[in-house]
Amino acid sequence: MPVESGSSAAARQAKQKRKSHSLSIRRTNSTEQDRSGLQRDMLEGQDSKLPLSLRSNLLDLFSQIEREFENLYIENLELRREIETLNDRLAAEGQTFEGADLAKGALKTKASHSTSQLSQKLKTTYKASTSKIVSSFKATTSRAVCQLVKEYVGHRDGIWDLSVTRTQPVVLGTASADHSAMLWSIETGKCLLKYMGHQGSVNSIKFHPTEQMALTASGDQTAHIWRYMVQLPTPQPVADISQTPCEDDVDFSDKDEADGEAEGPNDCPSIRVATTTLRSHQGVVIAADWLVGGKQVVTASWDRAANLYDVETSELVHSLTGHDQELTHCCTHPTQRLVVTSSRDTTFRLWDFRDPSIHSVNVFQGHTDTVTSAVFTVGDNVVSGSDDRTVKVWDLKNMRSPIATIRTDSAVNRISVSVNQKIIALPHDNRQVRLFDMSGVRLARLPRSNRQGHRRMVCCSTWCEDNTTCNLFTCGFDRQAIGWNINIPALLQEK
């Protein structure tokens, strides 16, 4: 009785495999046709608020995904069969060589080595293709804990900017499109003072480094300096809010609970007259900040210029021109006479006033869309954010190219950097707030759902290092500011 050789058996199995594969493809195609017809029938019978065309497109997309997974599954099955066939051949060849008299050891070693190499290659291919499916379902866990502590509600329109005082008492300031700026008790969430001196949207608020004075920029083409005196209320026990690991409670509902008219703060004193009014811009003043020492301020406007003023005399000292389009933000260095301005012309500029006789300027073209903000850190870094969905970290000593680039899925608004922990807080158009370290590694995402978090675009973020209850504040066009307690373990930051 003739005995079938190993090679002929392998050829017969390969032929059967090709036949079964072609049959499986035909079965898949016929199944797809039946499934598509069934899906159309289901569309007509289901009660849904989605348009029929949209539901049909969704089903087509899910069908394509299902076909891709099915093809990968069939490919994996075929690879498994090939591995089994090669293992059987390896075993058969091993038995044959054991019965031979000449060169038994050399032939067995050569056959085993070549076959095992091919088998190992197929196993690697199989694992790689399988990992494509498995890796897409792996969930990453974060040890960072982000806790929503307090909501500050009282503005009647969106909040553009917010800031925390640098002197005692420590209060939170917000600037709103409702033509007002408010000062809040961080612990109680109560409004302490309301500034109503502007005739347009209040776009920015910054506090004097040593005195109880605030600087606000407005759409009425002016910047105001006004003094304040507040008395903090008695702190109340904070409600027990369970700590929420960042990114675990995310809901993309479009429900907007702040659409109704918000009730104004009760018994909140107001100021209507500024101590100093800074005029000379021919367009909206979008931002303003104090230079180190607090004797001068800089303003940024849609008239494509930034102006440097003397606080005591209200006189214009310098007009910083050069941007090709409207300015979007300005920021000053905490310890040196440096100013950075950002613009819709995709650039930001560094202005150096350290030498009174020479005012140098450097232009940086690192983005492809509007630069929404650029801020200094305590060290020698500048961090810039843009509508091109990137954030870039620059070294002041060598700013030819960024030392880190963060790529996101949404436009980035006014960013802030933690002084102590050096964490960058990124507020997004898509209502999310993400935290990164200075090397570009993502640390956390603040939780957002129907019950907590922002329900519209997040406009700005700011850190408060000295407050143990809230160390990060965000504001948005849902008319509220939120105080967060962020706990990022040191080990997580070192990764």
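Cβ from N, Cα, C; glycine included.
Which of 62-96, 307-341, 342-376 counts as coiled coil depends on TrEMBL, and there it is 62-96. Note: the repeat 'WD' (195-226) comprises 0 helix, 17 strand, 15 coil (DSSP; helix = H, G, I, strand = E, B). On the 0 to 100 pLDDT scale, the model's mean across the repeat 'WD' (195-226) is 97.
Per-class residue totals from DSSP over the repeat 'WD' (364-404), listed helix then strand then coil: 0 helix, 21 strand, 20 coil.
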